[in-house]
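Undergrad: Sequence annotations record features per position, and here TrEMBL assigns domain 'G-protein coupled receptors family 1 profile' to 45-294. The annotation transmembrane segment is assigned in TrEMBL to 31-55, 96-124, 145-168, 201-225, 246-265, 277-296.
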Amino acid sequence: NLRDMTSWNHTVVTYFQFSPFSSIPEIQGSLFCLVLLMYLSTLVGNILIIVITMVDAALHSPMYFFLKNLSFLEISYTTSTIPKMLVNFLTKRKGISFLGCAAQMYAFSVLGITECCLLAAMAYDRYVAICHPLHYTTMMSWNTCFLLSAVSWLTGVLLALGQTAFIFTLPYCGPNRINHFFCDLLPLLKLACVDTYKNEITIYIIAVLFIMVPFLLIVVSYVQILHTILKMPSAGGKRKTFSTCFSHLVVVTLFYGSAIVTYLRPKAFYSSSSNKLLSLSYTLMSPMMNPLIYSLRNKEVKQALKRLIAKN
């Protein structure tokens, strides 16, 4: 796995090994079946959401435009890590090439940062719909929707490019064992042959800016939404209005809860086993739950699904 180095500053690791997800070999097969079932459920659920929002004219609105984007993100997000994890369950050589690791980290980072921004855009959409309903069609025009989506993706693409280059220009000269099931930032930094204190500080700053700033925008949006809902005269009107944003609020809680604990908790509380479980939560659990949350809590989606089934 190593090649001769001409200089200490040159990377000599050409292959990274992942540590097993569990230290108990007997349960590897059961874990493979469980993760595979969850992954297939994620694909089916999110593809169904995309199909419904595309073919049903009643769902051609900004809210479902963002939901369609979110479902595409979730499919890509899980696919960037889970298939490789499934292969590693079945093989003895649980690893990935240096370039493959860089590609996986880049894809994962692009999609994670984009999702943070997209969830903030979805919160803004709900804020405008509830707090400024008379101006909704002008404030949330299709041009605005496309712009918010494009900015989310562009932020993810550019920031992830810099972040990945930042990590993979460090010297890696052994060991090459990543204590994780995919190429994540913090476990990789532990393998670098130099002091990574400044790199860790930079990653925390980026995490605060691009995890917490969108999160704070979401919080501000929902404070305004709750303030507007509480001023409504009828209890039925309050329930109906709140139900339109409840699904998004649950998705935000699932995604941000695990992401904030993973990347922003103090180093003293960091452990590889808990980090794997938290990472599995936002790489697989949240994407799998999102279609269920949006379909079970949303009458329009359920009605569109019934119409699709009846049509076929």
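Keep in mind that glycine also has a Cβ here, set from the backbone N, Cα and C atoms.
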Undergrad: When the pLDDT values for the domain 'G-protein coupled receptors family 1 profile' (45-294) are averaged, what is the result?
TA: 86
Undergrad: Do the transmembrane segment (277-296) and the transmembrane segment (31-55) share at least 3 Cβ pairs closer than 8 Å, excluding pairs fewer than 6 residues apart in sequence?
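TA: Contact between the transmembrane segment (31-55) and the transmembrane segment (277-296): present, because at least 3 Cβ pairs are under 8 Å.
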